[in-house]
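Student: The active site, proton donor/acceptor annotation in TrEMBL covers A:Tyr138. What TrEMBL lists as active site, schiff-base intermediate with substrate is A:Lys166. Marked as pyruvate binding site by TrEMBL: A:Val213.
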There are 4 protein chains.
Amino acid sequence: MTLPAPLTGVVPPVCTPLTPDREVDVPSLTRLVDHLLEGGVEGLFVLGTSSEAAYLTDRQRRLVVETVVGHVAGGVPVLAGAIDMTTPRVLDHVRYVTDAGADAVVVTAPFYTRTHPAEIARHYRLVAARSPVPVVAYDLPVAVHSKLGAELVLELAAEGTLAGLKDSSGDEGGFRAVVTGARADSAITGFSVLTGSELVVDSALAMGADGAVPGLANVDPAGYVRLYRLCRAGEWALARAEQERLCGLFGMVRVGDGGRMGGSSAALGAFKAALQLRGVIACAAMAEPQVPLSAEEIEGVGKFLAGAGLL
Amino acid sequence: MTLPAPLTGVVPPVCTPLTPDREVDVPSLTRLVDHLLEGGVEGLFVLGTSSEAAYLTDRQRRLVVETVVGHVAGGVPVLAGAIDMTTPRVLDHVRYVTDAGADAVVVTAPFYTRTHPAEIARHYRLVAARSPVPVVAYDLPVAVHSKLGAELVLELAAEGTLAGLKDSSGDEGGFRAVVTGARADSAITGFSVLTGSELVVDSALAMGADGAVPGLANVDPAGYVRLYRLCRAGEWALARAEQERLCGLFGMVRVGDGGRMGGSSAALGAFKAALQLRGVIACAAMAEPQVPLSAEEIEGVGKFLAGAGLL
Amino acid sequence: MTLPAPLTGVVPPVCTPLTPDREVDVPSLTRLVDHLLEGGVEGLFVLGTSSEAAYLTDRQRRLVVETVVGHVAGGVPVLAGAIDMTTPRVLDHVRYVTDAGADAVVVTAPFYTRTHPAEIARHYRLVAARSPVPVVAYDLPVAVHSKLGAELVLELAAEGTLAGLKDSSGDEGGFRAVVTGARADSAITGFSVLTGSELVVDSALAMGADGAVPGLANVDPAGYVRLYRLCRAGEWALARAEQERLCGLFGMVRVGDGGRMGGSSAALGAFKAALQLRGVIACAAMAEPQVPLSAEEIEGVGKFLAGAGLL
Amino acid sequence: MTLPAPLTGVVPPVCTPLTPDREVDVPSLTRLVDHLLEGGVEGLFVLGTSSEAAYLTDRQRRLVVETVVGHVAGGVPVLAGAIDMTTPRVLDHVRYVTDAGADAVVVTAPFYTRTHPAEIARHYRLVAARSPVPVVAYDLPVAVHSKLGAELVLELAAEGTLAGLKDSSGDEGGFRAVVTGARADSAITGFSVLTGSELVVDSALAMGADGAVPGLANVDPAGYVRLYRLCRAGEWALARAEQERLCGLFGMVRVGDGGRMGGSSAALGAFKAALQLRGVIACAAMAEPQVPLSAEEIEGVGKFLAGAGLL
């Protein structure tokens with residue numbers, strides 16, 4: 001299907017359920033997709049950071065896209081990450097995720113290599129020139145160690161290179177510059193500005209963002225959809241209350257973050273434990289070499305679910 | 001062939017010559033290998049950072065290993081980078097580079113994801129358990145944004161997980177801790193401690209390092225081999241003079257580093273320009289999205305070659 | 001006067017006008033204070049980052065506090081930065097700024113030294129124990145290279161160590177955690193949560209922040225006061241328009257940020273040029289060793305003023 | 001006295017012994033000075049990072065300089081740190097430390113503020129123009145968060161702004177560029193290149209450095225002097241053995257670095273505990289807000305002393 005322009009609403013970065021021996025758990029993945037669609041999400045983003053894309057082999061990535069695209073059958077658009085270090089490698093991913101049916105690709109700046117804004121621009125132009133589907137930029141400095149500047153994003157939007165931005169930078173001032181800049185520039189139409197934040201979705205939508213891509217929406221899609229709709233309705237006080245409930249729920253990512261594992265595993269481990277506790281996925285295993293949550297930590301995640309009325 | 005234990009001498013990280021349309025230039029690659037072997041190097045490291053491994057597709061990476069392994073025909077050991085974000089993806093690379101004949105694999109800590117020492121240790125243990133050849137750790141904080149601690153490296157060496165370390169961290173105090181720690185621990189035998197520096201090879205060898213993996217050895221392998229031999233002979237004053245000559249030559253990496261491109265492209269662009277000017281490779285093209293050196297900058301590289309007596 | 005609990009409204013970090021020979025320009029400083037008070041601000045913060053506190057000698061700092069405290073004569077509270085590296089040095093500043101009449105002190109985490117959360121907590125407890133006036137924490141990672149965690153701030157608030165927080169960290173999720181945490185904890189009363197942002201004041205107030213400390217309020221105090229009042233009235237659409245106008249105006253900080261000077265000088269240089277162009281201060285000189293804006297850049301600042309209707 | 005040009009040998013950064021109530025312990029300080037002079041040091045550096053200069057009030061700093069200058073009575077040169085954020089504040093320190101008799105001042109790049117190479121150059125030029133004694137640059141990125149480039153240092157050396165460099169950056173390649181650049185430039189005479197490392201003093205001297213300023217020389221001045229003399233005599237194998245013994249001793253800084261305190265306190269706490277255990281100073285107290293070593297950790301420090309034959 002064609003990517004809506006702009007894409008709006010809640011577009012969760014779909015977790016990738018794994019079996020105990022770390023293969024993609026296809027039945028759990030389709031159950032998770034159903035859980036998200038029932039929550040009211042308007043699109044799905046597979047192979048992002050919350051999907052453990054960095055840990056999936058090419059074969060597993062392909063299987064994820066095929067599974068999800070096949071299961072939603074055009075019901076909502078499916079965006080797929082093409083996460084790799086540089087242009088030639090990203091283009092290989094673009095090829096197979098679009099072969100598998102992705103409606104858009106989501107692409108970061110180059111990483112591992114020390115890069116430069118001129119090289120980032122070149123990267124997006126080359127990817128867009130070869131991609132059969134729209135390209136959404138993924139701004140994730142915590143992973144790629146460079147920041148997409150608002151001016152660069154707007155330039156690439158105006159020339160048609162980029163169809164949207166998923167901003168997980170945490171820089172709300174820069175995010176606002178893209179939102180207002182895109183609105184002000186008549187050369188930019190249908191550009192999707194999406195926040196990757198769990199914690200300030202109401203702020204982002206109040207600024208004029210089109211939608212949100214929060215990892216925590218795996219756990220509580222209905223909550224984020226409710227939040228989105230309250231914001232759209234201008235019910236800011238109710239929206240704030242819903243957002244604060246979700247901020248409380250997000251505290252689950254700190255359960256495992258006591259120095260025994262990395263921040264990525266603590267967050268993904270909590271999301272997966274919550275999905276298992278809610279009966280959505282069969283197994284909370286994470287890809288190697290992530291350290292799993294302990295039984296006690298999983299219990300801690302359960303308390304957050306209970307506190308948010310989700311158990 | 002079996003990896004020497006320890007591996008010693010100069011082991012250059014072999015550049016990957018590309019054609020103007022960015023395919024691996026096989027004839028130039030074999031010429032480059034001959035140029036290095038004639039210089040007296042004791043091993044070759046392909047698919048490292050200086051090889052633009054981050055930019056090569058899996059197909060191109062495979063071709064590089066096959067080409068080099070086939071060409072040296074057991075004359076010297078060939079180490080191959082298995083550079084990817086996490087364990088499952090690294091294991092895929094390990095599989096095909098060893099199928100292609102690599103004698104050892106060189107592996108960084110996980111990157112893109114926020115990691116943790118416990119996860120780094122797990123990563124190396126899982127890779128070593130599945131690798132048919134020895135595993136050398138690649139410490140490159142500038143790329144992966146974490147540092148391998150000396151204690152972790154020594155622990156992994158003592159238990160047989162790691163066969164060596166290529167240290168490109170620039171932390172000479174930490175490097176020394178590995179060198180002296182490995183020497184002091186009777187559980188550690190045949191472990192190779194290699195510096196990735198271009199600029200302090202004499203210091204590293206004086207500390208007791210086994211060898212060096214300098215990117216600039218692509219341009220002047222004979223110079224680094226001379227330096228290595230002078231150090232081994234305890235001719236420290238002559239070694240210092242040779243090292244200083246090579247430090248001067250290394251200034252070529254700043255020719256393009258004036259704000260128009262990233263530091264990676266400036267360095268690789270200079271090495272490739274120098275190899276073309278010296279008649280070793282046919283074309284100085286770099287992989288996308290790197291910004292190429294200008295004609296004027298290439299001329300600047302030529303002046304460094306001339307200054308070092310290499311033109 | 002007693003610091004309001006909580007302190008609310010716009011509390012600008014007052015620039016320090018200097019003479020051409022870099023002495024405090026007292027008449028310009030009192031004119032600037034009048035300009036701010038006429039704009040409707042509810043407090044003044046002297047000796048902060050925007051005040052060039054890092055560049056002022058102890059003698060000059062004292063003169064600034066005496067001048068401003070004397071001039072406002074109790075009309076609004078005056079907060080003073082006690083910006084120095086560690087506890088003993090900060091306590092010296094606390095002594096003289098409170099001798100000079102400051103109603104509260106604003107204190108960062110230790111810097112220059114590599115610190116630790118336990119040492120940061122100890123720092124605030126020691127300062128609060130010795131300070132005759134309330135202590136407000138100043139979270140400014142870009143300057144001090146550590147971040148005040150929300151949990152630490154809430155703990156120090158609950159025990160009465162801290163009277164407020166000025167958050168210039170840019171981490172809106174963490175800011176929200178302090179706002180909602182302080183509201184939820186019955187042990188915390190009268191605690192002031194202030195954003196240091198120029199760009200997301202409306203978001204911060206919508207979350208429940210008490211006020212704002214934007215450097216740009218030097219240039220357009222009336223604009224920020226209007227924005228504050230619109231937010232308090234729940235006029236979110238009008239607030240957004242005002243905030244966006246101010247975001248546009250803030251673009252002036254990029255006029256000088258073309259690689260010729262540091263980011264601090266570019267921002268302060270623009271604020272001071274704007275204040276001179278608006279006729280508030282006599283001279284736009286900045287303290288040494290900052291690089292001044294060129295005549296052309298000052299003209300560029302003027303265009304931003306004109307665009308925002310301020311010239 | 002006039003600063004030797006170049007200054008050579010071991011020039012320890014003198015710890016500042018404190019009484020239990022954190023005042024300068026003058027008798028312990030003079031005993032420490034005697035201990036260092038008996039060890040054979042060729043100069044003393046007071047008010048550096050190892051001196052806890054960041055924690056000392058101006059009054060305490062003055063007392064330190066007066067005490068040390070008075071005690072050495074011209075026997076060796078006394079360099080004094082003038083550590084503060086920017087030019088005007090540094091100049092205040094320059095004034096009183098030279099009034100107190102310092103033979104040279106040691107000055108970092110500006111910190112707290114976001115700076116720029118052009119502003120760093122201006123800073124040193126302004127300080128040198130007003131200082132009655134030579135200015136030594138202090139390169140300490142871990143504290144000031146910028147790095148002095150070799151080209152900038154050499155430019156400032158050639159024009160006579162800088163009399164020397166204390167390099168604690170850990171970047172041995174950059175250090176070497178200063179050493180060889182200063183040697184090669186006929187406009188640079190008498191410039192002192194000093195390493196701040198504890199761990200690679202032999203390497204630095206082999207490159208051609210003039211001397212060393214290792215914090216650990218407080219604990220074992222005779223060891224570092226022996227190391228220095230072996231290097232000067234070209235006895236590299238014996239020098240390496242001595243350096244490795246000192247590297248082992250330096251392990252004491254990790255005794256307290258288990259997550260309970262900052263890295264600065266762990267190192268300074270170990271040095272002071274060692275000085276107390278060796279009977280040089282009366283009390284190991286550190287300035288606030290540093291976390292002290294526990295009794296068990298102090299015992300751990302003692303084991304390092306015993307291991308190095310110093311107890």
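Each Cβ is built from the backbone N, Cα and C atoms, and glycine gets one as well.
Since the structure is predicted, the reported quantities are computational estimates derived from the model, not experimental observations.
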Student: Under 8 Å Cβ-Cβ from the residue listed as 'active site, proton donor/acceptor', six or more apart in the same chain: what's there?
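Tutor: Expected: A:Gly48, A:Gly81, A:Ile83, A:Val106, A:Val107, A:Thr108, A:Lys166, A:Ser168.
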Student: Check the DSSP secondary structure of A:Val213 (pyruvate binding site), expressed as helix, strand or coil.
Tutor: coil
Student: May I ask you to report the DSSP-based helix, strand or coil state of A:Tyr138 (active site, proton donor/acceptor)?
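Tutor: Where A:Tyr138 (active site, proton donor/acceptor) sits, the three-state DSSP reduction gives strand.
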Student: Near the residue listed as 'active site, schiff-base intermediate with substrate', how many other Cβ atoms are within 10 Å of its Cβ?
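Tutor: Its Cβ shell of radius 10 Å holds 28 other Cβ atoms.
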Student: Over all shown protein chains, what is the count of other CB atoms within 10 A of the CB belonging to A:Val213 (pyruvate binding site)?
Tutor: 30
